[in-house]
Amino acid sequence: MTLQEQIMKALHVQPVIDPKVEIRKRVDFLKDYVKKTGAKGFVLGISGGQDSTLAGRLAQLAVEEIRNEGGNATFIAVRLPYKVQKDEDDAQLALQFIQADQSVAFDIASTVDAFSNQYENLLGESLTDFNKGNVKARIRMVTQYAIGGQKGLLVIGTDHAAEAVTGFFTKFGDGGADLLPLTGLTKRQGRALLQELGADERLYLKMPTADLLDEKPGQADETELGITYDQLDDYLEGKAVPADVAEKIEKRYTVSEHKRQVPASMFDDWWK
């Protein structure tokens, strides 16, 4: 088995999918998991990007079905901007599409800035823009878990195969969640699910960005990665990609393994 095949298997990627079937499987997963845990529903941060829009709509469909079947579940969508979000219009469009039971907004700027100032005062140096970006992601995680803890809700994560293979998420930030309904999907497969669900094309054709950096607001994921999502998707779907692209992907996969594992102990061997 080639490394490419090993990665596809490890990340549960299917080269070809039926969007209708995948939607059904993922809604059922959300329903089954919330029933099994006894939780009261879900909470998810909505950025206006493809991934949170898709996960949010799947969550809302799941809680509606649970209620139609005589159960009780709710979904809270959370906006978590740092000051003014450049693409706020897209976030509002996503909320309109998702139709969450409840939507709330937390501006994380005061919390992030207070922490950054305290860090500088105590340690005598400023946080790098990169590390401050990770603080933003982790404050968003803390906010979602605070809501989840108060309301008895599970925190949904938006990680999918194209992020998992590169480790392109903040450990214990957007990587911190209770369940991941998009696991196994490539970026283009996620787009296909949104198309099937009737989303406005603006929500899945827009340039993906983590938007965590003050110095480079709205920087494209592909710029930071040095790899396009089409190349990632081709690789994950078992297609041929240029040798240098495959090497980049496989190197990122190897060095980011710690992000896909629980914290290491001396009894684990995945890191050796």
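Cβ coordinates are placed from backbone N, Cα and C, and glycine is handled just like the others.
Binding of deamido-NAD(+) is attributed by Swiss-Prot to R138, D178, H258, K259, and the same site annotation extends, among K171, K187, K248, to K171. Record check, Swiss-Prot: ATP site residues include G45, I46, S47, G48, G49, Q50, D51, S52, T158, K187, and the candidate from T74, T128, T209, T223 also listed there is T209. Around the Cβ of T209 (ATP binding site), 20 further Cβ atoms fall within 10 Å across all displayed protein chains. The binding-site residues shown are R138, E163, K171, H258; of these, the one with its CA atom nearest the CA of D51 (ATP binding site) is E163. For the binding-site residues R138, K171, H258, K259, the greatest number of Cβ atoms within 10 Å around a candidate Cβ is found at R138. Most Cβ neighbours within 10 Å among the binding-site residues G45, G49: this distinction goes to G45.
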